[in-house]
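Quick look at what Swiss-Prot annotates:
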- 66-84: compositional bias 'Basic and acidic residues' (COMPBIAS)
- 85-94: compositional bias 'Basic residues' (COMPBIAS)
- 107-142: compositional bias 'Basic residues' (COMPBIAS)
- 146-155: compositional bias 'Polar residues' (COMPBIAS)
- 52: phosphoserine (MOD_RES)
- 96: phosphoserine (MOD_RES)
- 97: phosphoserine (MOD_RES)
- 146: phosphothreonine (MOD_RES)
- 44-155: region 'Disordered' (REGION)
- 13-30: zinc finger (ZN_FING)
């Protein structure tokens, strides 16, 4: 039947390398069992080897390259934002020099004069249209009034 020493409570799945039940063998990164017969466990993070030094150097180089790239990207973003701000300032800026004031006042006068001319042309064209309508009405009235006047004279 069941083996007396193999209860579910007493047997627990764990790491075969270090014996720690908190993780499985493929997840073991921190500890190594020095002697499989004894319960002595060695912390890998406290030990150093030549391979790890080389790996650390490579990691440091890679991290430095990544930091440089990130810094360059940030600088580019800052420059672009500064350029945008400069463009906005140029658009908003109004110049206060006397020559530009004269130019702007001349331009304003010219625009005002153009608007007045357009208004005059529109009003003239409207007047012309009204005159034509009035002439047509007068002609109709003359034609209609002449027979009426003749009718009154006949009676």
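Yeah, the Cβs are placed from backbone N, Cα and C, and that goes for glycine too.
In the compositional bias 'Basic and acidic residues' (66-84), the DSSP tally of helix, strand and coil residues is 19 helix, 0 strand, 0 coil. As a whole-number mean, the pLDDT of the zinc finger (13-30) in this prediction is 73.
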